[in-house]
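What follows is one structure encoded as structure tokens, with my remarks underneath.
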């Protein structure tokens with residue numbers, strides 16, 4: 001009999017302990033925190049925690065905001081799926097703000113009404129947003145960053161640094177093994193380099209590519225030219241056609257003196273310079289015939305967020321002159337608002353460095369087509385001995 | 001267990017009931033892992049296979065092999081599969097070549113140095129593969145530690161394996177040394193000192209000793225080792241991802257990319273099923289050798 005009791009006791013203990021395990025989840029949902037999920041690198045989550053949130057306390061002293069690192073885009077997609085699943089039910093999606101997310105990453109979410117329409121939300125900041133950065137009414141571009149070419153200035157003098165695509169191609173062929181870019185799906189620096197090749201193959205007209213004009217036929221029409229350009233570069237790249245697996249790895253090869261030139265994110269390279277990862281003799285150059293693409297990180301707010309009002313307040317605050325100026329000074333990024341809404345002194349100081357517009361490339365279906373197309377057409381290249 | 005300890009069980013003289021009670025406890029004890037296995041592994045496998053074979057459309061579910069056909073007619077996917085097989089075979093061969101002598105040494109050496117060697121051989125087990133990947137870039141990568149040393153003594157730089165198929169091979173071999181060595185040492189434990197000494201007395205040399213006395217006795221262990229390493233290398237992700245070339249990719253990074261980047265979940269599941277079938281083949285080897293071992297003992 002004792003055995004029976006002990007078995008029952010065991011089950012009881014098991015039940016209690018599993019209930020305790022489930023508790024934190026329940027507690028998390030009701031703890032009153034506004035959850036900001038980010039898929040960006042740690043410099044961005046640090047910026048939110050150390051710059052944006054302390055400043056936000058002056059706007060709304062009562063709000064408790066928590067920044068959660070979702071890891072990457074796929075992590076954010078999983079959280080967005082949860083919000084999508086909770087839509088139309090009374091369940092708490094446990095997320096109030098997405099950082100670096102676009103609505104098209106969750107299929108059918110716009111149609112289902114998952115995202116707040118910023119244009120219709122009577123939001124004071126929406127009119128300040130740089131029109132060139134706007135993609136849909138459901139995402140709020142709040143910081144931008146462009147891809148530049150970084151080079152070792154001890155080996156290439158600034159006058160000789162390439163300023164057009166053709167000069168760059170000539171330089172790469174004249175210096176075999178000294179250029180590397182990363183796989184387009186593993187980081188935006190290589191990704192936007194590949195997109196610049198697509199622009200090059202299509203008359204350098206960024207207008208030719210929009211979020212809505214993707215079709216398989218149109219992609220088959222526009223992309224193969226770029227594959228040809230990139231394939232022709234391959235034999236003169238590092239290791240006759242090797243591609244690093246991320247933004248950081250490209251910077252690492254530049255820092256180790258293995259390559260002389262590589263595409264980099266502006267904010268990441270400025271940080272690498274200030275931290276001493278890259279020497280001060282690192283030069284930066286942007287192509288003048290058409291800049292390498294940049295990108296904007298976007299905020300989205302789900303309509304079923306528990307703290308929707310605070311989330312909108314926060315989104316508005318992020319577009320304030322205060323935060324937008326700090327995006328330039330502390331993050332090495334570009335403002336999401338038009339330059340008229342940035343501190344005048346800063347505008348003067350950066351006016352030569354920062355182009356009036358950054359060409360962008362739409363995401364959506366183009367992403368998969370470009371990335372997979374690159375893997376199938378460019379990456380295999382010629383066989384390397 | 002509790003039945004034996006409880007005073008009540010003394011009252012129960014009936015052997016059947018006692019056996020029955022113990023059987024129930026045993027079943028309950030294994031129930032948790034079996035249910036977990038069924039829920040988290042067996043069910044997803046059948047689910048995955050079904051999802052690749054049946055397409056849901058407006059007209060209802062219909063049977064289709066199109067993703068498999070696409071995989072096996074697509075030279076890009078096949079190149080990835082071949083690379084994975086190649087890396088697996090090369091790694092398994094290298095692991096045997098490195099770990100068998102190491103295991104023989106550890107089994108027969110009685111010195112203190114053997115303890116140190118054993119410690120060193122187990123060390124890779126405690127290094128996470130991400131750390132290992134970056135450490136390898138810093139050492140055998142271009143202009144890495146090895147190049148610096150070679151340069152200092154006036155020798156040319158090495159042809160760095162970074163971003164070539166040899167990058168993950170080196171990493172995976174290093175990562176798998178501890179488990180392989182441990183299993184081989186365990187297998188060698190079954191070889192008795194007496195048999196070895198008897199053969200030596202009869203004049204057997206090292207090679208003859210290995211071929212006729214030791215190898216026949218550890219064949220089973222080697223089969224187990226091989227199936228284990230094949231399974232872990234086939235599904236490797238981090239090292240091929242960081243150290244390997246952009247193309248061809250190994251199946252691990254390829255599946256991940258198909259799933260999260262290309263967002264073709266059905267294709268990703270198809271790749272997983274194909275990978276699983278190949279691994280199951282090696283798993284069958286393992287199960288068969290275990291079963292044979294049991295039979296031999298009975």
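Our numbering is plain: 1 for the first residue shown, then up by one each step along the chain.
Each residue, glycine too, has its Cβ placed from N, Cα and C.
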Stretch carrying transmembrane segment according to TrEMBL (options B:198-220, B:221-243): B:221-243
Contact call for the transmembrane segment (B:113-137) against the transmembrane segment (B:268-287), three or more Cβ pairs under 8 Å: no
Residue numbers, six or more beyond the limits of the transmembrane segment (B:169-191), whose CB comes under 8 Å of its CB atoms: 87, 90-91, 94-96, 98-100, 102-104, 106-107, 121-125, 127, 129, 132-133, 136, 140, 161, 213-214, 217-218, 220-222, 224-225, 228-229, 232-233, 236, 239, 243
Sequence-remote partners of the transmembrane segment (B:81-106) [C-beta within less than 8 Å, at least six residues beyond its ends]: 114, 117-118, 121, 165, 168-169, 172-173, 176-177, 180-181, 184-185, 187-188, 210, 214, 222, 225-226, 229-230, 233-234, 240, 248-251, 274-275, 278
